[in-house]
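Asks: Before anything else, here's the structure in question.
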Amino acid sequence: MSPGFTKMQGLGNDFVVLDGITNQLDITPERVRRIADRRYGVGCDQVLLAEPAQAPEADFRYRIWNADGGEVEHCGNGVRCMARFLKDHGLSADGRMTLETAKGLTRVEILADDMVRVDMGPPVLTPADIPFRAAERQALYPLEVQQQVFEVAAVSMGNPHLVLRVDDVDTAPVAGLGPLLERHSDFPNRVNAGFLQVLGRDRARLRVYERGVGETLACGTGACAAVVAGVLNGWFDSRVTVDLPGGRLVIHWSGMGEPVWMTGPAVPVFEGTMAAGAE
Ligand SMILES: N[C@H](CCC[C@H](N)C(=O)O)C(=O)O
């Protein structure tokens, strides 16, 4: 029988969280796909694993896999849930912690009202580091998809994002265009595709077709990338409330070289144990 897990969600972006600190766990892409399957397994958008820190400045390391089994660099909703998991399970005595992921260090603080504030670090905009096939950095890039050309922003928050501005997220072609954008050849590692509706200089709506998952109810790194794209294109001031289908994130970015701050919820749903074969 496998060790326990905790099901958590951040604005409906849902996770199976595993404790690799107390337990020795071997996570494989096949195992992730089984766990993430919403019929044959627990079901989730991403699997998150807590591990002992490797970097001296970090309190813990945490790893992220998308439902398709691919390991990725960062997850905004996930890092909030991981911090809450570590605190609730007595693995962290403090509501403030530094978590290490493949993208680097992320500083997290659980606030008095149970919201979680995260220093997501500065955005990466150099095409080669996103990675994105463009010769030089631009605020918007032409991207051809099935003989149509879209103007998109390209931003990495440790993981790759494109941001496409639309008039109305409710009518945006997320289901049809999302998969084509996710696998566009100009993004060698694939990409998360954000559909952004600007409501004002401090308000936005966003839907995200996530790499390795499909459309999720919320995407934390996607909200950060969308605000960065909007600030760089003159659409936003530095503080923006982003309404996603699953709820609201508050994002703050004061400009180049500065970190992106994200504040939002992290909610435990249930504890469980997976039967042999379901994990
Ligand atoms: N699908 C993303 C990882 C999860 C990001 C998202 N769930 C978030 O809250 O940031 C990727 O492949 O880069």
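Note: Cβ is positioned from N, Cα and C throughout, glycine not excepted.
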Asks: Pick the one from GLN46, GLN146 that TrEMBL also lists for the substrate site with ASN13, ASN66, GLY76, ASN77, ASN159, ASN192, GLU210, ARG211, GLY220, THR221.
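Replies: Answer per TrEMBL: GLN46.
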Asks: Per the record, substrate is bound by ASN13, GLN46, ASN66, GLY76, ASN77, ASN159, ASN192, GLU210, ARG211, GLY220, THR221: how many Å separate the farthest pair of Cα atoms?
Replies: 16
Asks: Among CYS75, CYS219, PHE270, these being the recorded positions, pick the one whose CA is nearest to that of ASN13 (substrate binding site).
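Replies: Answer for the nearest of the recorded positions: CYS219.
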Asks: Among the recorded positions CYS75, ASN192, PHE270, name every one whose Cβ is found under 6 angstroms from ligand 1, counting any of its atoms.
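Replies: CYS75, ASN192, by Cβ distance under 6 Å.
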